[in-house]
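Let me give you the structure first, and then I'll get to my questions.
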Amino acid sequence: MLSRSRCASRAFSRSLSAFQKGNCPLVRRSLPGISLCQGPGYPDSRKTVINSSNIFSVRFFRTTAVCKDDVITVKTPAFAESVTEGDVRWEKAVGDTVAEDEVVCEIETDKTSVQVPSPANGVIEALLVPDGGKVEGGTPLFTLRKTGAAPAKAKPAAAPAAAAPKAEPTVSAVPPPPAAPIPTQMPPVPSPSQPLTSKPVSAVKPTAAPPRAEAGAGVGLRSEHREKMNRMRQRIAQRLKEAQNTCAMLTTFNEIDMSNIQEMRARHKDAFLKKHNLKLGFMSAFVKASAFALQEQPVVNAVIDDATKEVVYRDYIDISVAVATPRGLVVPVIRNVETMNYADIERTISELGEKARKNELAIEDMDGGTFTISNGGVFGSLFGTPIINPPQSAILGMHAIVDRPVVIGGKVEVRPMMYVALTYDHRLIDGREAVTFLRKIKAAVEDPRVLLLDL
């Protein structure tokens with residue numbers, strides 16, 4: 001009896017183990033009872049029987065799919081205070097498998113684009129917002145069925161080995177026909193029926209070439225198509241029109257001799273790169289010179305509050321640097337420039353430029369700014385009048401460096417020259433202050449020692 005109990009325990013343990021694995025089918029017999037210890041060593045009169053009504057009838061039951069799967073709803077992240085809504089552009093579709101932190105959609109706002117990643121590995125079950133739809137912060141975007149580890153990408157199947165060329169059946173060589181005997185006499189030449197007459201060359205009419213097919217008159221395409229303005233372009237258009245309608249914009253010009261700054265850059269760029277791992281450019285010189293001039297002329301760093309009719313003077317200097325991207329012009333901000341040196345400025349410009357190229361600029365990177373620098377010279381612009389970036393009161397426009405003849409000490413010399421333009425709000429800034437400000441920038445760029453000596 002004891003041996004039969006042990007046999008029943010072992011059989012039941014095996015059945016329970018097969019059930020727990022979840023991948024093995026459990027099949028119920030069609031008999032009224034199941035004998036666990038039935039065999040040739042045990043008499044049928046003393047069988048240990050478990051009633052079939054107490055055994056689960058389960059076929060291909062998988063516990064992992066039921067216990068581990070979980071559906072979550074992903075919502076729109078919170079926007080900055082100045083942004084209320086955005087447009088959705090989907091990168092994935094229903095049924096796509098995504099890995100954790102993989103971008104599922106992109107929300108384009110007035111100032112930048114916000115990427116929404118997947119919070120976990122899983123499969124997208126539903127898209128709750130249509131492509132191009134408007135969403136606010138906290139709006140449900142899509143549902144995701146979580147799974148285990150992200151499925152490994154299938155390796156490309158190896159190209160099947162080239163099949164060996166089938167051996168063509170050998171065709172028995174047919175003996176060539178016997179060669180004809182070589183003639184020993186020339187055959188007679190038949191005489192022409194009519195005698196040949198010679199004609200002068202002038203009498204021979206050239207054969208007319210076939211007429212060329214006249215090319216049809218070129219018809220230019222007169223089609224047109226429309227594209228919806230993205231949110232960033234709409235915002236740029238709105239802000240620039242507001243600036244034009246609000247500010248009394250006036251532009252003053254000057255020119256800068258770039259000889260000294262070019263010489264300084266050529267002399268120290270290698271040492272600068274070795275120490276700071278950064279390239280020394282011209283933008284850092286203009287940013288530093290602008291901060292120096294803004295401290296001398298604080299009204300250029302101020303702004304009019306139209307609501308209260310007050311002038312707001314900023315004691316800090318945050319300079320916006322215009323960067324062109326495929327989506328439009330963005331202006332990330334370099335903050336507290338008055339406390340920076342050339343290396344700090346170059347490092348910040350490099351980081352912001354890299355984020356702009358990768359479309360990773362956040363709203364915080366572009367908020368604020370007390371003065372803007374726009375460098376149209378990188379595109380070859382020789383002369384231009386930039387538009388103020390509200391809520392600021394002035395903007396500096398840099399242009400291309402061109403060798404031009406100039407008079408130096410009573411002699412004509414060829415120097416690398418750059419035109420610079422300062423557009424300012426004439427409601428707040430007078431002409432004298434604007435010209436003085438621009439001359440300060442000119443002096444600091446032409447002779448960087450001015451910054452060291454605080455002249």
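Here the Cβ of each residue, glycine as well, is placed from N, Cα and C on the backbone.
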Would you mind telling me which one of K47, K111, K134, K355 Swiss-Prot calls N6-lipoyllysine?
K111
At the level of the C-alpha atoms, what whole-angstrom distance separates K269 (N6-acetyllysine) and K279 (N6-acetyllysine)?
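Each residue's Cα considered, K269 (N6-acetyllysine) and K279 (N6-acetyllysine) end up 7 Å apart.
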Going by C-alpha positions, which of the recorded positions (K111, K309, H426, D430) is nearest K279 (N6-acetyllysine)?
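For K279 (N6-acetyllysine), the spatially nearest of the recorded positions is K111.
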Could you measure between D430 (active site) and K309 (N6-acetyllysine) for me? Cα positions, answer in whole angstrom.
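Roughly 18 Å, rounded to the nearest whole number.
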Around K275 (N6-acetyllysine), how many other CB atoms lie within 10 A of its CB?
10
